[in-house]
Amino acid sequence: MAASKPVEAAVVAAAVPSSGSGVGGGGTAGPGTGGLPRWQLALAVGAPLLLGAGAIYLWSRQQRRREARGRGDASGLKRNSERKTPEGRASPAPGSGHPEGPGAHLDMNSLDRAQAAKNKGNKYFKAGKYEQAIQCYTEAISLCPTEKNVDLSTFYQNRAAAFEQLQKWKEVAQDCTKAVELNPKYVKALFRRAKAHEKLDNKKECLEDVTAVCILEGFQNQQSMLLADKVLKLLGKEKAKEKYKNREPLMPSPQFIKSYFSSFTDDIISQPMLKGEKSDEDKDKEGEALEVKENSGYLKAKQYMEEENYDKIISECSKEIDAEGKYMAEALLLRATFYLLIGNANAAKPDLDKVISLKEANVKLRANALIKRGSMYMQQQQPLLSTQDFNMAADIDPQNADVYHHRGQLKILLDQVEEAVADFDECIRLRPESALAQAQKCFALYRQAYTGNNSSQIQAAMKGFEEVIKKFPRCAEGYALYAQALTDQQQFGKADEMYDKCIDLEPDNATTYVHKGLLQLQWKQDLDRGLELISKAIEIDNKCDFAYETMGTIEVQRGNMEKAIDMFNKAINLAKSEMEMAHLYSLCDAAHAQTEVAKKYGLKPPTL
């Protein structure tokens, strides 16, 4: 399969296909589009433009260049990450100096008394006497002239800090709100309120506050970035859990399904029907399957597969299973596979469990079920169960090349590159004609060399890619993986040629167009051409969530938040796993939060 995902994470190609966020829940940064945080090898699935902590906020690159221009002390903006201590005397905002005139002396005395009370409170605070500190800050608030907004905001923020030490989160939020009302860009108060909202489980409010903090700080403070990432993940998981259980199953595109099955060579259920299994009668005008010589739901399902009439497969398999027919084990495995393809892992697991437990079933059926269940476990972030299933598959069917091929992908995801290469070697020994395994072995070696910064090994891996595409000129995946390695090496022109080869071989593979579009942005900063190619991907396959997600990400960077949110929502509706959906909700929520913060604080998003 060509240009599936940014080749970073991996194992889903074997089981729960996901053209969105991929498999793992983290991992190390590696080569690919812009140092993405996860590796996805992906034979049959397209991966997303993944974003790490804080990077979801796509203003960071531009904001960092501004080096705190236009930020006065009144904002409370500081570069250190420690925020627990109260503040000393606040500097007035520009234009808010002490008034001159008849009442100036009285105001100064009132302000001085307020400052003295605050200073006394600070001493109590540092001594751990928070109740006494609160009394002093309350006195400062009552003494302070009402027109002294900046000073008043500091007193409220200091009192909030004392309430925070007593874990009185409601009072913390209330005092921080007062401080922000008086000084809208008061970073320290905004962040303290964000933490209080987190404790009160007010995730939406927490996200808006911490988003404002990240923007005002220019994405320079790790503490606020981590909180932003944390709350986005929590919101994403919460929303995905509710949405996913009520989602309508959706069959992926024919290209996606064919690519998925192409990653298996020892899979009985995906092999063409034998001559004895069907008659020579033509199919009727209604598109019904060719008559099979046996009254078998499974054989009808197989015929529908050959006709790419995928929507009827699950029901025909169910007929075979209900009748306890001759092909019951095959029907269970085929039904489970299509449950996985439509993103219904809960329905797939019982079928896979049953096939695995059928000792009398063909060993290749049981091994294939173990591969798919193991890959499903990996997508659910259960690596121990996943590893157990792959090892069991190798034990019961040691001559099955698929076991080593897909276990190799698992090992890459687990950062066990040497073991991955050994598995790919075993797959190649068993199936010398396996172009996919040879291409993925090259990529595993390349990744190892890249992360180890070993230039000679990088060159050896690049030479290996050349040999693979020369030996297997019809393997689109070889060109796709090579293109991603070339992109890492800044060889953009040659990478573009490799993507063109992929498109020639698989013109209906939408993900290749997305990768080629991203390359135009990285290589030539050609936004129009990049968007044209991603739009072409959607035209080819309107179920390609990778394309919608990437389009949404670019629209955020262009400042088109409404369109970005629309793209993310389309991707959410196409997500094939709860984890993928949670990731997409995080992107969508980040865009929503930036929109609200921009309105509230008058911040105009920078554009590409």
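Each position is counted from 1, following the chain as shown.
Heads up, the Cβ atoms here are built off N, Cα and C, so glycines get one too.
Residues or ranges marked as SUMO2 cross-link in Swiss-Prot: Lys275.
Here Swiss-Prot flags Ala2 as N-acetylalanine, drawing on a large-scale study or a structure entry.
Residues annotated as omega-N-methylarginine in Swiss-Prot, with a large-scale study or a structure entry given as evidence: Arg71.
The phosphoserine annotation in Swiss-Prot covers Ser91 (among others) and rests on a large-scale study or a structure entry.
The phosphoserine feature in Swiss-Prot is assigned to Ser96 (among others).
Around the Cβ of Ser110 (phosphoserine), a 10 Å sphere holds 15 further Cβ atoms from the protein chains shown. Taken from Swiss-Prot, the feature phosphoserine applies to Ser110 (among others).
Taken from Swiss-Prot, the feature N6-acetyllysine applies to Lys185, supported by a large-scale study or a structure entry. Summarising the environment of Lys185 (N6-acetyllysine), the number of other Cβ atoms within 10 Å of its Cβ, over all protein chains shown, is 21. In the three-state DSSP scheme, Lys185 (N6-acetyllysine) is classed as coil.
The phosphoserine annotation in Swiss-Prot covers Ser434 (among others). Within 10 Å of the C-beta of Ser434 (phosphoserine) there are 22 other C-beta atoms, taking all protein chains into account. Annotation note: Ser434 (phosphoserine) sits in a coil segment as assigned by DSSP.
Residues or ranges marked as region 'Disordered' by Swiss-Prot: 67-107.
Here the repeat 'TPR 2' (153-186) has a mean pLDDT of 98 out of 100. Swiss-Prot lists 153-186 with the feature repeat 'TPR 2'.
Annotation source Swiss-Prot lists repeat 'TPR 3' at 294-327.
The list of residues near the repeat 'TPR 4' (329-362) in space but at least 6 beyond its ends in sequence, with Cβ under 8 angstroms from a Cβ of it, reads 15-17, 247, 249-252, 256-257, 260, 268-269, 297-298, 301-302, 310, 313-314, 317-318, 320-321, 368-370, 372-373, 376, 379-380, 575-577. Residues annotated as repeat 'TPR 4' in Swiss-Prot: 329-362.
Taken from Swiss-Prot, the feature repeat 'TPR 5' applies to 367-400.
The repeat 'TPR 10' feature in Swiss-Prot is assigned to 545-578.
What Swiss-Prot lists as topological domain 'Cytoplasmic' is 60-608.
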Between Ser110 (phosphoserine) and Lys185 (N6-acetyllysine), the C-alpha gap once rounded to whole angstrom: 25
Rounded inter-Cα distance in Å - Ser434 (phosphoserine), Lys185 (N6-acetyllysine): 59
DSSP residue counts for the repeat 'TPR 4' (329-362), split into helix, strand and coil: 26 helix, 0 strand, 8 coil
Helix, strand and coil counts within the repeat 'TPR 10' (545-578) (DSSP): 29 helix, 0 strand, 5 coil
